[in-house]
Amino acid sequence: TELGIERRFVPESCPRAVRPGDFVRYHYLGAFPDGTRFDSSYDRGSTFNVFVGKGQLIAGMDQALVGMCVNERRFVKIPPKLAYGSEGVPGVIPPNAVLHFDVLLIDLWNSEDEVQVQTYFTPEKCPRTVQVSDFVRYHYNGTFLDGTLFDSSHNRMRTYDTYVGIGWLIPGMDQGLLGMCVGEKRIITIPPFLAYGEDGDGKEIPGQASLVFDVVLLDLHNPKDGIAIENQLVPESCERRSQTGDFLRYHYNGTLLDGTLFDSSYSRNRTYDTYVGKGYVIAGMDEGLLGVCTGEKRRIIIPPHLGYGEEGRGKIPGSAVLVFDIHVVDFHNPSDSVSITVHYKPSNCTILSKKGDYLKYHYNASLLDGTLLDSTHSLGKTYNIVLGSGQVVLGMDMGLQDMCVGERRTVVIPPHLGYGEDGVEGEVPGSAVLVFDIELLELVSGLPEGYMFVWNGEVSPNLFEEIDQNHDGEVLLEEFSEYIQTQVDTGKGKLAPGFDFDKIVKNMFTNQDRDGNGKVTAEEFKLKDQEAKEEHDEL
């Protein structure tokens with residue numbers, strides 16, 4: 001005669017129990033005491049949906065549902081007076097029938113409910129939260145209140161990308177995403193009237209279903225955003241900042257806003273080299289690389305409309321905010337020339353280096369970021385060249401001009417006057433600016449341009465006869481070489497310094513041997529000034 005309730009399963013967590021006025025969705029099996037079944041929601045493939053305590057149910061069920069938790073299972077015995085009484089239901093429930101119901105509560109909400117947000121992970125840093133009209137990328141698992149999964153972006157391996165607060169989402173999700181930080185994880189519980197309502201979505205979500213979304217926010221931007229720059233390290237000395245048209249070499253780590261790495265120049269062990277402000281890189285990077293110093297480290301945050309847009313590229317998903325942590329190694333402009341800074345100049349600086357002089361000097365060679373490339377000091381010997389003869393890169397030929405012995409200077413050489421785009425494999429990176437700290441130790445004055453040998457006094461009027469020692473009217477290379485060696489040894493003549501003796505002499509002899517037979521005759525033999533009159537240069 002009394003209502004009987006047996007709680008056959010009670011979930012560990014019960015954040016909310018049924019109260020009069022709540023709307024519930026539940027499954028049930030209805031049977032008579034002898035076990036004969038008279039009804040089942042399972043057979044219909046849908047829950048029974050109803051308000052509790054509003055007279056929409058038999059009195060016994062109205063009472064039996066109160067206090068139930070979602071996922072709780074109750075066995076309910078309802079006497080006739082709390083069921084269909086003495087009249088019953090013709091053809092279904094006989095008069096004065098006791099009814100047994102096996103009830104499983106699936107869903108529970110109230111018309112006064114609001115969106116519930118439970119944050120269970122908050123990142124340490126949260127520089128920005130979701131606002132109305134922001135565009136977000138997030139992953140989610142969507143379940144019903146009983147835990148049944150109906151959808152998951154994780155299963156599709158693709159984020160859900162949408163604007164917030166402008167009607168692209170169900171109202172409850174529009175509300176539930178507001179205020180989130182990138183990296184935050186929260187559970188958003190949405191009553192059906194803020195979700196898919198009485199009709200559901202026509203697919204997986206039934207009518208009047210509460211929805212639970214377990215969300216992790218991966219990305220956030222606004223279409224009005226520009227790039228954001230966070231300076232991480234700015235050198236104390238910054239003599240020059242990058243401008244449009246400069247060529248930069250820099251290292252970078254590229255990540256998404258949630259920290260996922262998508263690219264790194266460090267992993268390739270090679271800088272990224274590009275012009276700035278010329279459209280060679282994405283618009284946000286073009287802007288973010290302006291105004292940097294050599295050695296500077298900065299973070300550049302680029303919204304997708306200044307990055308790779310809605311389509312993305314490679315490992316970069318569509319509509320992704322990009323974060324680049326860059327380190328500027330060097331930069332130059334194609335119009336740059338050699339830069340010379342003199343650190344010390346002797347007081348008696350009267351003889352200055354010029355083209356053709358033989359120089360001996362020490363140097364330390366480095367990149368613009370200070371990376372040491374080479375040093376004569378470590379080798380224990382000087383570097384020796386003939387200035388202007390192409391024995392060093394053009395920028396060094398320029399940087400060594402007009403030096404005096406004892407002078408110390410720093411020479412900065414742009415790549416187009418150094419080793420160019422290719423560099424030197426294993427030694428000098430391509431497109432690298434070079435820095436040489438130089439000390440000139442010795443200078444041997446060269447000969448006038450175009451001369452390999454000059455006389456220190458008057459030239460003998462019988463020069464050919466003196467060279468032709470056996471007086472056979474022909475001069476062989478051996479005779480010629482021996483004669484020149486004697487003139488140099490006795491101080492009567494001077495060879496261009498810094499060159500191999502045998503090569504110079506052979507070159508001089510070849511120029512005199514005009515018919516190429518390996519012998520020089522008196523008719524062939526001419527001095528430099530005689531050749532000039534004939535408009536012919538010996539060398």
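In case you wondered, yes, glycine gets a Cβ from its N, Cα and C as well.
Annotated domain 'PPIase FKBP-type' per TrEMBL: 21-109 (among others), in sequence order.
The annotation domain 'PPIase FKBP-type' is assigned in TrEMBL to 133-221 (among others).
TrEMBL lists 245-332 (among others) with the feature domain 'PPIase FKBP-type'.
Residues annotated as domain 'PPIase FKBP-type' in TrEMBL: 356-444 (among others). Note: the domain 'PPIase FKBP-type' (356-444) comprises 13 helix, 37 strand, 39 coil (DSSP; helix = H, G, I, strand = E, B).
Through the fold, the domain 'EF-hand' (455-490) approaches residues 501-502, 505-506, 508-509, 512, 518-522, 525, 527 of its own chain, all at least 6 residues removed from its boundaries and within a Cβ separation under 8 Å. Under the heading domain 'EF-hand', TrEMBL lists 455-490 (among others).
Per TrEMBL, the feature domain 'EF-hand' maps to 500-535 (among others).
The region 'Disordered' annotation in TrEMBL covers 512-539.
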Please compute the mean pLDDT of the model over the domain 'PPIase FKBP-type' (133-221).
97
